[in-house]
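**Student:** This structure is in structure tokens; I'll ask about it shortly.
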Amino acid sequence: MVKVLLALTSYNETFYSDGKKTGVFVVEALHPFEVFRKKGYEIQLASETGTFGWDDHSVVPDFLNGEDKEIFDNVNSEFNVALKNLKKASDLDPNDYDIFFGSAGHGTLFDYPNAKDLQKIATTVYDKGGVVSAVCHGPAIFENLNDPKTGEPLIKGKKITGFTDIGEDILGVTDIMKKGNLLTIKQVAEKEGATYIEPEGPWDNFTVTDGRIVTGVNPQSAVKTAEDVIAAFECN
């Protein structure tokens, strides 16, 4: 059976100007989970510390409604059962996984770049011929992520996408990120020698596949990102 490591951010602190916390953006974990579940893949949720919290803005009706909210509210849904089995990345065997998927939320900007154990799983997956993927702010996992075989950044020379700088401006967090020395995904790409591909609009359903690296730009792209991961894995 194909095994997926679905990564969550551990960061769950005040971030937004309205005093709300960032953390895991619900649908950016839920949508990939459901795509992989329906495909019959086995999914393990993990974070760097074994803990997580939700992004406050991701649980409002604009972003969480309909069937998604039903799954979220059902304590017995497979998604919530999997959350109860959340693991600390260091407690897992990186060799067990075929796919790495980095879910998002601004929290990832704080912990993914230095999440050595999550990153070890990602590089191991890639080294064994699997797919490494992320959506929205999830590509923060690529910051400081080097291919152990070459010592070079894993995404060097690759094309990726992720949440746009314009999107950060619209959300009013650009200055907050600058004060915290947090890189935008475009800046991560530039730092690591990748080419950032920008969608026409910040809320477009938009993904980029470059070999075994698959990325998506925002919550609206989470389903397609996971679908593209499956396509990349099956073509591999």
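For all residues, glycine too, the Cβ spot is worked out from N, Cα and C.
Feature list, courtesy of Swiss-Prot:
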| type | residues | note |
| --- | --- | --- |
| MOD_RES | CYS136 | cysteine sulfinic acid (-SO2H) |
| ACT_SITE | CYS136 | active site |
| ACT_SITE | HIS137 | active site |
| ACT_SITE | GLU168 | active site |
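Could you tell me the structural context for the features on the list?
**Tutor:** All chains included, 30 other C-beta atoms sit within 10 angstroms of the C-beta of CYS136 (cysteine sulfinic acid (-SO2H)). Secondary structure at CYS136 (cysteine sulfinic acid (-SO2H)), taken from DSSP and collapsed to helix, strand or coil, is coil.
When Cβ atoms from all protein chains are considered, those within 10 Å of HIS137 (active site) total 31, not counting its own.
A 10 Å cutoff on Cβ-Cβ distances gives GLU168 (active site) a total of 22 other Cβ atoms nearby, all chains included. In the three-state DSSP scheme, GLU168 (active site) falls into the helix class.
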**Student:** In whole Å, note down how far the CA of CYS136 (cysteine sulfinic acid (-SO2H)) lies from the CA of GLU168 (active site).
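**Tutor:** GLU168 (active site) and CYS136 (cysteine sulfinic acid (-SO2H)) have their Cα atoms 11 Å apart.
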